[in-house]
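Per Swiss-Prot, active site, electrophile is recorded for H100. Residues annotated as active site, proton acceptor in Swiss-Prot, with sequence analysis given as evidence: E172. Swiss-Prot lists N10, W11, K12, G178, S218, G239, G240 with the feature substrate binding site, giving sequence analysis as the kind of evidence.
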Amino acid sequence: MARKPLIAGNWKMNLDHQQAIGTVQKLAFALPKEYFEKVDVAVTVPFTDIRSVQTLVEGDKLEVTFGAQDVSQHESGAYTGEVSASMLAKLNCSWVVVGHSERREYHNESDELVAAKAKAALSNGISPIVCVGEPLEIREAGTHVEYVVEQTRKSLAGLDAAELANTVIAYEPVWAIGTGKVASAADAQEVCKAIRGLIVELAGDEVAEGLRILYGGSVKAETVAEIVGQPDVDGGLVGGASLDGEAFAKLAANAASVA
């Protein structure tokens, strides 16, 4: 089964709701329609930007999809500051990032919490982008494959085959995020292949063949084609390079060139 690459921009805590409109407009208009036939392009934006992006995408019938960067594991209730998956679903979010390394580090999010957030998203028709990846000391010790496979297993706990079929996994080596260091294409392939092997074990060949595994970690226009060209890498979770609409369009076009 040919997997259509997904290029997902993670804006992190950047761009207000007015800047968001201009950025998505530039992205959509800089990327000719035929490229959207080869790659799916998404932006995951701050909560305060979602309504503006939704109005633009739906009003102008843009091919770009959108989502959030986090979600509560709870459906509703006395959880001050939290945003539920049902709230995101009402805004027609297609995606939500869960377990990003910055959430794991700064908010002490565990694999168990990540799995609960993924479950909440799926229960509301939203595809989670489940992030996993090793820190530098694990990479240097040479145990990164085993580490990431086990982290992925725990971060997907409780999801059945049908839910996994609607899940995206993003491999983001922590040492390559925001540092300018980039894992080689071979590094990305090694781990993404092992993750796919885990999905075979959890859900069978058919689900594993269809599930998209992204690489995240200082993805740039110059490097994306080689990475996405690997057999088990199906796109990128793009940070800083997604904040400029035209630059992000170029990156997506480069990914489409190998699709």
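Residue 1 is the first one shown; counting continues down the chain.
Yeah, the Cβs are placed from backbone N, Cα and C, and that goes for glycine too.
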Entries of H100, S218, G240 which, being recorded positions, have CA atoms within 10 angstroms of E172 (active site, proton acceptor): H100, S218
Tertiary neighbours of G240 (substrate binding site) (same chain, Cβ under 8 Å, six or more apart): G178, S218
Per-residue Cβ crowding (10 Å cut-off), top of recorded positions K12, H100: H100
DSSP three-state assignment (helix, strand or coil) for G240 (substrate binding site): helix
Sparsest-packed of the listed binding-site residues (N10, W11, G178) - C-beta count within 10 angstroms: G178
Separation of alpha carbons, the residue listed as 'active site, electrophile' and N10 (substrate binding site) (Å): 10
Diameter of the substrate binding set by C-alpha atoms, the set being N10, W11, K12, G178, S218, G239, G240, in angstrom: 13
Shell list (substrate; ref centroid = CB of N10, W11, K12, G178, S218, G239, G240; cutoff 8 A): I177, V238, A241, S242, L243
Packing count at S218 (substrate binding site) (other Cβ atoms within 10 Å of its Cβ): 20
